[in-house]
Amino acid sequence: MGRGQIIITTKNDSNVLSNNVLKAVVDIDSLVKDFKVIDESGHAFSYKNVCMKWDGDCLQTNPLIDMAKNYLKDGMDIGQGNITYPTYLIPTEHGVKIPIYLGSQLLKVELINATNVIKTAKGLHMMYPLGSLNKNAKMNSLWEDQFEEHMWNISRTSANFLQIVPATSRSLVKEANGATTSVLPRFALTICLLVIFSVLCMMTTDWVLSKPFLAFGGVLSATFAVITAVGVLSTLGLQFIQIVSMMPFLIIGVGIDNMFIMVTTWRQCNQQLSIDDRMAKTLSDAAVSITITNLTDVVAFLIGAVSPLAGMRIFCIYAGVAIAFAYIYQITFFAACLAVSGVREEQGRHGVTCRRVVAKEQSPIFCDGGVPKDPALSSQRHHTHKYLLVIFFEKYYGPFVMHRYVRTATIMTIICMLAGAMYGCTQIKQGLSLHNLARDNSSAWKYYRKSNELEAFKPTINIIFTDKLKYWRIDEQEKIEQITRSFEESHFTFSANETESWLRAFTNYLSNNNDTRVMSKCEFMKKLEEFLNDRRYKKFKLDIVFNDDASQRKSIKASRLLMPSYGMKDSAAEKDLMLNMRQKAENSVYNVTAYAPIFVATEQYQNVLQYTLQILCYAILGMLFVTLIMIPHPLCSLWIILCAISIDVCVIGYMSLWGISLDILSMINLVLCIGFSVDFSAHIAYAFMTSPEEGTKRGIHALTKLGTPILQGGLSSIIAIFPLQSASVYIFRTFFKTLFLVMSMGLLHGLLVLPVILTQLQKFIPQTQYDAMNSDSTSYYPNSSVPTTYHPTLSNDVDETPTEEEEVVEMRVSSI
């Protein structure tokens with residue numbers, strides 16, 4: 001149903017129940033109803049042409065206007081009047097007082113002690129409902145668009161003591177769609193930042209081994225995955241909703257992580273190998289890490305895709321498909337880019353100009369480098385070339401972390417962090433405010449924020465009786481009255497005077513006509529028909545459903561009563577209202593349903609914690625299954641899952657302390673948390689198991705092997721989402737905060753906590769040799785009779801020095 005609505009307050013936050021304010025409100029009401037809208041054909045129409053009608057006239061939804069006109073006509077000072085709340089009796093010309101309901105129009109009301117007389121009210125709410133969309137869809141849309149613009153013009157030109165905030169039924173939808181468009185420039189900024197970061201990571205002191213252009217290939221690979229996923233799913237008819245616009249930032253970051261893993265593996269290969277053999281070694285080694293990373297993420301999203309929440313389900317489908325395409329592009333498109341870069345490297349060409357340069361061993365100048373051509377220098381070249389981050393992890397960070405005092409401090413630190421996170425979990429709030437779906441300071445944002453501040457949302461509860469009751473019997477009427485009173489006793493509803501009950505009104509109608517006798521069904525239905533045809537009671541026709549089956553006499557199939565509510569300060573209060581009403585309905589002797597349109601959204605708040613815990617548990621079980629397959633030692637898999645749980649607890653706890661509520665948006669982010677929390681830990685655990693070292697050197701070796709790509713991957717993911725931290729939409733800022741916590745906690749656990757724990761438990765974790773470079777096996781050379789012995793792993797043994805026998809073999813091969 002279309003509608004226009006406004007909230008009126010004073011700029012100094014004073015009482016709105018004053019003559020000058022009400023006079024301005026009456027003028028504003030006239031301006032709303034009289035302003036002309038011009039359609040495409042040049043036809044002019046006003047509110048009366050599109051309003052919701054009842055009995056031929058526009059439905060009166062602002063009884064406050066009648067009260068204001070009554071006071072202004074008589075010249076009374078409203079400040080001296082005894083205005084009652086929520087119902088006020090307006091005197092008529094015939095001396096009869098007509099009750100009007102002010103509960104939905106007066107906001108932030110303060111009553112005089114122990115009375116229902118209003119002391120102050122901080123705001124006024126005005127609503128203008130439109131008629132059926134099927135008949136006047138274009139006119140309604142046009143009126144809503146111009147209504148909002150018209151009201152802002154009135155706000156700027158009206159009395160300077162008033163503040164007017166308008167909105168329509170389409171305001172929030174338009175803002176949600178606009179929010180998606182507004183984030184596109186930030187996506188472009190993300191691409192630029194990641195390209196710069198990736199280029200810097202690809203640079204070394206060797207200009208031939210540097211790969212600045214390969215960084216573009218990595219970013220393009222992830223971008224292609226996003227485009228493909230959106231294109232395929234859109235073609236299949238899956239709706240692209242607002243929260244899906246966060247997905248590209250996520251996928252770009254994940255794609256860059258995979259790039260760093262592959263490049264690191266390429267750099268660990270023997271530089272004397274051919275391009276074919278080096279690519280084979282790179283893909284076989286990187287396959288484990290990349291598969292773990294993408295498989296855990298896809299499993300997490302598959303679990304999220306079966307969520308009963310539509311928004312989460314759609315996002316997880318888009319993200320899961322995009323992750324899968326990112327994996328495909330990584331091992332095809334980016335692998336091809338890496339091979340092309342390898343050809344350039346093999347030919348000794350400059351990383352930027354692609355021109356051949358002098359080898360470093362021949363003339364060490366600025367634009368030099370490359371693989372030594374002299375076989376006698378190959379072993380020395382392979383031994384001496386190291387990357388700065390590898391040196392940092394091997395010589396400085398690794399020994400520091402493995403120091404016994406640092407290990408003790410690390411364990412104490414994580415215990416304290418978990419204690420703080422668990423406290424944060426007890427402080428978490430649930431629910432999503434509507435203004436958070438709109439851009440900051442937009443019309444919809446201002447309206448719904450002001451609505452929250454003034455507690456303007458007061459849903460009307462439909463109490464529906466679905467049994468075929470014998471309404472003409474006195475005992476049935478008494479039971480219905482008893483049920484009605486039980487609802488009215490709720491602290492969320494007003495007194496009986498505000499309940500719209502057709503049965504009460506009908507009983508009073510009979511009493512006023514001195515007809516209180518016991519009736520038969522036929523007599524009851526005849527009197528009821530007279531009652532509903534009375535102009536004063538025609539509105540109750542909407543509250544009764546008759547059974548007009550020709551095979552049986554006319555009877556009442558179902559009926560309802562309307563009960564206004566109040567006290568909706570936030571989404572948590574809305575949830576409490578829904579649960580309270582449903583509990584009373586369940587306790588009724590008849591089949592009763594308590595319903596309000598807001599319950600559809602509120603039900604998500606009720607179950608969001610339950611859904612979150614379920615998905616987290618299922619996802620953790622899925623991660624355990626994956627790690628048991630990919631990391632063939634149960635103790636390592638156990639500690640990977642324990643680290644994942646620790647990361648999840650920290651993210652949830654500190655998310656709460658950072659001011660993020662638990663809603664469908666943060667729930668989606670927690671699903672991401674599951675997949676990413678395994679990535680860093682799994683890499684380190686795998687490297688620790690395959691390390692040939694003993695004691696603390698085993699932890700140092702693991703950090704040396706994979707510390708660089710883990711750090712680069714974590715930083716690239718943070719850079720990918722960094723442009724969202726200043727976004728004008730709440731959901732994007734929430735996405736940044738949550739992912740920032742995930743990546744920060746993931747890096748902390750992967751580079752500090754897990755190496756320390758595995759080192760402490762290493763006597764229970766046997767060493768597993770997966771790489772010939774860690775053994776005494778003969779090195780792999782193509783086209784030779786030397787046995788080929790290597791196994792997929794992520795190796796970073798940059799200090800490896802070939803044996804004397806291997807150097808002889810290499811010289812013979814090169815001479816051939």
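Glycine residues also receive a Cβ, built from the backbone N, Cα and C atoms like all the rest.
For 797-807, the entry in TrEMBL reads compositional bias 'Acidic residues'.
Among the features that TrEMBL reports, domain 'SSD' is placed at 183-340.
Per TrEMBL, region 'Disordered' is recorded for 785-807.
With a threshold of 8 Å between CB atoms, the same-chain residues lying at least 6 positions outside the transmembrane segment (183-201) that come near it are 212, 215-216, 218-219, 223, 245, 248-249, 252-253, 256, 259-260, 712, 715-716, 719-724, 727, 729, 732. Per TrEMBL, transmembrane segment is recorded for 183-201 (among others).
Residues or ranges marked as transmembrane segment in TrEMBL: 213-234 (among others).
Distant neighbours of the transmembrane segment (240-266): 176-177, 179-180, 183, 187, 190-191, 194, 198, 201-202, 211, 214-215, 217-219, 221-223, 225-226, 229-230, 233-234, 278, 281-283, 285-286, 289-290, 293-294, 297, 311, 314-315, 318-319, 322-323, 326-327, 329-330, 334-335, 338, 342, 437, 664-665, 668, 672, 679, 706, 708-709, 712-713, 716-721, 723-724, 731-732, 735, 739, 794-796; these residues of the same chain sit at least 6 beyond its ends, with a Cβ under 8 Å from one of its Cβ atoms. Per TrEMBL, the feature transmembrane segment maps to 240-266 (among others).
With a cut-off of 8 Å between Cβ atoms, the residues of this chain six or more beyond the transmembrane segment (286-306) that come close are 254, 257-258, 261-262, 265, 312-313, 315-317, 319-320, 323-324, 326-327, 330-331, 615, 618-619, 622-623, 626-627, 630-631, 668, 671-672, 674-676, 678-679, 682-683, 686, 706, 792-794. Per TrEMBL, the feature transmembrane segment maps to 286-306 (among others).
Per TrEMBL, transmembrane segment is recorded for 312-340 (among others).
Per TrEMBL, transmembrane segment is recorded for 405-424 (among others). Among residues of the same chain six or more beyond the transmembrane segment (405-424), those with a C-beta under 8 A of the stretch's C-beta atoms are 646, 649-657, 752-753, 756-757, 759-760.
The feature transmembrane segment is assigned by TrEMBL to 611-631 (among others). A Cβ distance under 8 Å defines the sequence-distant neighbours of the transmembrane segment (611-631), meaning residues of its chain 6+ beyond its ends; these are 288, 291-292, 295-296, 299-300, 302-304, 307-309, 312, 637, 640-641, 644-645, 648, 662, 667, 670-671, 674-675, 678, 682, 685-686, 689.
Annotated transmembrane segment per TrEMBL: 638-658 (among others), in sequence order.
A Cβ distance under 8 Å defines the sequence-distant neighbours of the transmembrane segment (664-689), meaning residues of its chain 6+ beyond its ends; these are 243, 250, 257, 288-289, 292-293, 296-301, 303-304, 309, 311-312, 315-316, 319, 432, 604, 608, 611-612, 615-616, 619-620, 623, 626-627, 630-633, 636-637, 639-641, 643-644, 647-648, 651-652, 655, 698-699, 701-703, 705-706, 709-710, 713-714, 717, 731, 734-735, 738-739, 742-743, 745-747, 749-751, 754-755, 758, 762, 765, 767-768, 793-794. Taken from TrEMBL, the feature transmembrane segment covers 664-689 (among others).
Annotation source TrEMBL lists transmembrane segment at 710-732 (among others).
According to TrEMBL, the transmembrane segment annotation covers 738-758 (among others).
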Contact set, same chain, for the transmembrane segment (638-658): CB under 8 Å, 6 or more residues outside the stretch: 414, 417-418, 420-425, 427-429, 616, 620, 623-624, 627, 631, 666, 670, 673-674, 677-678, 681-682, 685, 737-738, 741-742, 745-746, 749-750, 753-754, 757-758, 761
Mean predicted confidence [pLDDT] for the domain 'SSD' (183-340): 85
Residues from the same chain, set at least six apart from the ends of the transmembrane segment (710-732), whose C-beta lies under 8 A from its own: 179, 182-183, 186-187, 189-190, 193-194, 197-198, 201, 242-243, 246, 249-250, 252-254, 256-257, 260-261, 389, 436-441, 665, 676, 679-680, 683-684, 739-740, 743-744, 746-747, 750-751
